[in-house]
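As annotated by Swiss-Prot, domain 'Radical SAM core' applies to 4-227, with the evidence given as sequence analysis. According to Swiss-Prot, the feature GTP binding site maps to ARG13, LYS61, THR91, LYS152, ARG248, ILE249, ARG250, an assignment based on sequence analysis. What Swiss-Prot records for CYS20, CYS24, CYS27 is [4Fe-4S] cluster 1 binding site. Per Swiss-Prot, S-adenosyl-L-methionine binding site is recorded for TYR26, GLY65, SER115, and the stated evidence type is sequence analysis. Under the heading [4Fe-4S] cluster 2 binding site, Swiss-Prot lists CYS243, CYS246, CYS260, citing sequence analysis as support.
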Amino acid sequence: MEDRYGREIRSFRLSITPKCNLKCFYCHKEGRNEEHGKLMSADEIVKIVKSSLEFGVRKIKISGGEPLLRTDLPKIIENIKDDQIKDISLTTNGILLEKYAQKLKDAGLDRVNVSLDTLDPVQYKKITAGGNIESVKKGIEKAIEVGLTPLKVNFLAMDCTVKQLPAIMDYCRKIGAILQIIEFIPMEPELKHHHIDVIPIEKEIAKKADQVFTRKFMQNRKKYVIDGLEVEFVRPMDNTEFCGHCTRIRLTYDGYLKPCLLRDDNLVDVANPVRNGEDIRKYFIKCIEEREPFCKAQ
């Protein structure tokens with residue numbers, strides 16, 4: 001199904017918990033800055049995902065908080081697995097990944113994205129308020145070993161991390177990971193000074209790239225291949241290409257369909273309808289009707 005701007009709905013991002021075992025100073029909590037209602041159960045999440053398939057969803061992204069804190073995560077993955085779904089992936093901080101990688105693979109998870117903004121143990125501990133970078137590296141190694149690939153490393157480009165980019169690129173090249181360079185969205189005024197313009201970084205990568213591809217169903221974003229390393233950029237701020245080609249809807253952990261990453265004023269309650277046994281297709285239609293590009297071309 002397309003929205004009124006001609007954008008197909010292909011991807012569904014599920015935030016399954018607000019809880020996390022790290023306290024990164026920049027966390028935007030999937031656009032939900034305060035804890036709200038009741039956590040969705042595994043069965044409720046599965047019902048909602050199954051209903052989404054009718055509207056063209058073919059890719060599922062699971063996130064949090066930290067999704068590995070939910071002990072029923074393998075059950076969720078196993079039960080949403082469907083012949084119509086081409087890809088089920090997970091975004092994690094990687095702290096618990098070594099422990100759960102095999103279980104996730106066995107349940108039907110296809111691949112993982114792991115957040116890693118620095119290779120400096122001291123800086124990592126500071127950014128995450130106590131995290132152990134060695135646990136993350138071991139988790140990445142285990143994920144690759146069990147076949148949760150292609151693994152992506154999510155690098156958040158900020159004033160305090162950008163100097164780490166060359167080392168991160170070398171690391172990703174060495175382990176065979178894809179590098180995703182993400183523009184920082186400051187959700188609080190006091191964090192604005194950490195934002196940097198990633199366009200010059202992308203231009204520099206583009207100059208050195210051996211190959212360039214366009215990902216049609218991922219906001220028309222470019223993929224660059226440079227000395228064997230695949231690099232992608234995620235630039236949501238003031239980006240008409242990102243918004244104009246968005247194919248994703250979201251589910252909050254407390255059961256609201258979220259038409260737009262950058263808005264929190266047009267959520268559609270689907271938790272209560274699913275708990276009441278209603279046909280929830282009309283709520284997906286409402287969500288899709290609410291979709292409009294946050295940044296529009298002039």
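Cβ atoms are placed via backbone N, Cα and C, with glycine included.
Using a 10 angstroms CA-CA radius around ARG250 (GTP binding site), the binding-site residues that qualify from CYS20, TYR26, SER115, CYS260 are CYS260.
According to DSSP, CYS243 ([4Fe-4S] cluster 2 binding site) sits within a helical segment. Taken residue by residue with DSSP, ARG250 (GTP binding site) is part of a strand. The binding-site residues considered are CYS24, CYS246; of these, CYS24 has the fewest other C-beta atoms within 10 angstroms of its C-beta. Maximum intra-site Cα distance, GTP binding residues ARG13, LYS61, THR91, LYS152, ARG248, ILE249, ARG250: 21 Å. A sphere of 10 angstroms centred on the C-beta of LYS61 (GTP binding site) encloses 17 other C-beta atoms.
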